[in-house]
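For reference, the structure is listed below as structure tokens.
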Amino acid sequence: MTDRKTNLPEEPIFEEAEDDGCPSIENSSHLSVPTVEENKDFSEYNGEEAEEVVVPEKPASAYATVSIMCLCMAFGGFMSGWDTGTISGFVNQTDFLRRFGNYSHSKNTYYLSNVRTGLIVSIFNVGSAIGCLFLSKLGDIYGRCMGLIIVIVVYMVGIVIQIASIDKWYQYFIGRIIAGIGAGSISVLAPMLISETAPKHIRGTLLACWQLMVTFAIFLGYCTNYGTKTYSNSVQWRVPLGLCFAWAIIMIGGMTFVPESPRFLVQVGKIEQAKASFAKSNKLSVDDPAVVAEIDLLVAGVEAEEAMGTASWKELFSRKTKVFQRLTMTVMINSLQQLTGDNYFFYYGTTIFKSVGMNDSFETSIVLGIVNFASCFFSLYSVDKLGRRRCLLLGAATMTACMVIYASVGVTRLYPNGKSEPSSKGAGNCTIVFTCFYIFCFSCTWGPVCYVIISETFPLRVRSKCMSVATAANLLWGFLIGFFTPFITSAINFYYGYVFMGCLAFSYFYVFFFVPETKGLTLEEVDEMWMDGVLPWKSESWVPASRRDGDYDNEKLQHDEKPFYKRMF
């Protein structure tokens, strides 16, 4: 490895949170507006004085090996997707209702109350949020791969408890919490490992494979529910739960072939292994100059971080490194992903389509699962072709239109003679069609892109902590939507769609003003862009310092005198 001196700034480049606990976010539409000195310090800190690392791009077919490895990591999304696809059917199956529900003497049938339904469906997300915040740090201690294997075992323990439940709903409830803890940790560690391993020009596509696996699992979950619904015993729900062991074992087996993150290996001083990992991912020889230069940059960055001491949770509120602004943006994006209303359909799809008069709502759920899964293949192309911002903006606009039609038809046309009378078949079919189109738009845009954004936004020093917080925000909103949806739909029915419509309209404006474009940049270049103070709506024109020519004017990207409405249209 070539000798390299790391020039550190005399003062730490991060700043602890102010005493009042809340840093100012004035002019927060800027990624930042740093001084010349701050930019200089940051460049030194990241080793940017070195020559540009040139990793030659190859055709997609040349990356078959790294693509398969990333698919093994992305298979972690199967855990969460399988739960989403199966739980929506469980709460409508006769044996499940008999064991864990209440008996209605007047109707001579078993049922789940709104409270119990909400808790059983949504508590998985609470466990996932706990796993994000507390177990995902195993990836910093034992490595991303070993950390993943440990949390998969935790997930399996939760599944055992659920299968062993006889007639106590709270035992099943506890099992879902523990399984959620494992799945939540996986949802941080797996995308992190993909982002740190994948070549930059196909990183977005490989990260989108996470959502592909989620949607594939949802579809298979729907199919499994349909296949077991004719049984009258616990086969209805225990067989789908038992299949979780197969998914866990497949992922553990896959992880034995996946190389460790080169960034983590550099962090623990295993330089030669880091070279081998980076070379394998980029189809280069270990001695290739691009490999040596990239690892040298990582070493310089890690040495700078070590000189500043151990990263603390307080550092998440740092303004000089712009971590607080990045964290705020990713928390908002992850929250808005849930507020698009996707899990309203995925958690309660079977129940929703019963209400619109479908003879077999399980069959309708399978149709939704097919649309959801097939749509994700478009995202593998669009996320790196169109970019992150355009995908989110296009998705927000189209989903808003779909939700307006869905809610309006449900409110005005579904029950022309009142709720006590049969629903309109034509209106019911219309709601299903626009639900399918909504899911298509979601799966092509917001579904995968949010995982891409949170995986490539943060510096290595605080990446694990920040991704944990951002993912936990997503899961907590998932819990709130899952828990309160039965109560809300009982009170306002299809007016609920207008709530999601408002959130989608807001998300369009938020993305435009606060989310930068990171397509085609290395993780270190993403850091540099944030420190350069580029306006998000001008970020597509930003060029890293190592590739700028004499005509490049970075200041033009930091200011915009146009009124906000002229910036958008």
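Heads up, residue numbers simply count up from 1 along the chain you see.
Glycine too: its Cβ is placed from the backbone N, Cα and C atoms.
Topologically, per Swiss-Prot, Leu112 is found on the other side of the membrane from Arg389. Looking up Asn27, Asn102 in Swiss-Prot shows the N-linked glycosylation site annotation sitting on Asn102. Spatially, the transmembrane segment (391-411) is not adjacent to the transmembrane segment (146-166); fewer than three Cβ-Cβ distances between them are under 8 Å for residues at least 6 apart in sequence. Counting only the Cα atoms, the space from Asn102 (N-linked glycosylation site) to Asn429 (N-linked glycosylation site) is about 32 angstrom.
Most Cβ neighbours within 10 Å, among the glycosylation sites Asn92, Asn429: Asn92 holds that distinction in the structure as shown.
Asn92 (N-linked glycosylation site) is 21 Å away from Asn429 (N-linked glycosylation site) when you measure Cα to Cα. Under the three-state DSSP scheme, Asn92 (N-linked glycosylation site) falls in the coil class. Only pairs six or more apart in sequence are counted, and the transmembrane segment (366-383) with the transmembrane segment (177-197) gives fewer than three Cβ pairs under 8 Å, not enough to call it a contact.
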